[in-house]
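One structure is given below, encoded as structure tokens.
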Amino acid sequence: MSTEGAKDCAEGSSRHGGGGEQQQSAPLSRYESQKRRDWNTFGQYLKNQRPPVSLSQCNCSHVLDFLRYLDQFGKTKVHLQGCVFFGQPEPPAPCTCPLRQAWGSLDALIGRLRAAYEENGGSPETNPFGSGAIRVYLREVRECQAKARGIPYKKKKKKRNQIKPNDNPKPTTTTTTTMQSS
């Protein structure tokens, strides 16, 4: 999700930065290590802005800019609407469409950054990673990538709820009656 230089910088700062006591007591899980790397990478991104942005000044527009910035390091081919392979799940030949970050990677990244923000003293009410604009952006990325691959995204909403009430209501009543008489 980031360049090798940014990864090295983030890993280096997590090795030499605060929290060394945690690393000595128990090794961090893969999730915790990734969360720390992501947090350090985002912090470095804010520092590299002109002018630099402090964490207290950070808002959802900075987060959206960061997500767009990460697209240049993506590995997922997203076909443009004019591409002959648009809508084909497995195109037969290469094309010049851009590589982007996969929706699932961005979604997981936002989850880790949202948790890291609060662990680093941020309040849940001011968490820029939990804003509605971020959710809308992620939804748009998901839908765009699904269309580009020819796989329409459909929510499987309330399907279970509709099936349960329509499933033989009489046996449920009988079961309840049987249970009451026991």
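From the backbone N, Cα and C atoms, a Cβ is placed for every residue, glycine too.
TrEMBL annotations: computationally assigned, not manually curated.
What TrEMBL says about this protein:
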type: COMPBIAS; residues: 1-14; note: compositional bias 'Basic and acidic residues'
type: REGION; residues: 1-34; note: region 'Disordered'
type: DOMAIN; residues: 30-157; note: domain 'ALOG'
type: REGION; residues: 150-182; note: region 'Disordered'
type: COMPBIAS; residues: 152-162; note: compositional bias 'Basic residues'
type: COMPBIAS; residues: 172-182; note: compositional bias 'Low complexity'
*For the domain 'ALOG' (30-157), what's the model's average pLDDT?*
91
*Provide the three-state DSSP residue tally for the domain 'ALOG' (30-157): helix first, then strand, then coil.*
75 helix, 4 strand, 49 coil
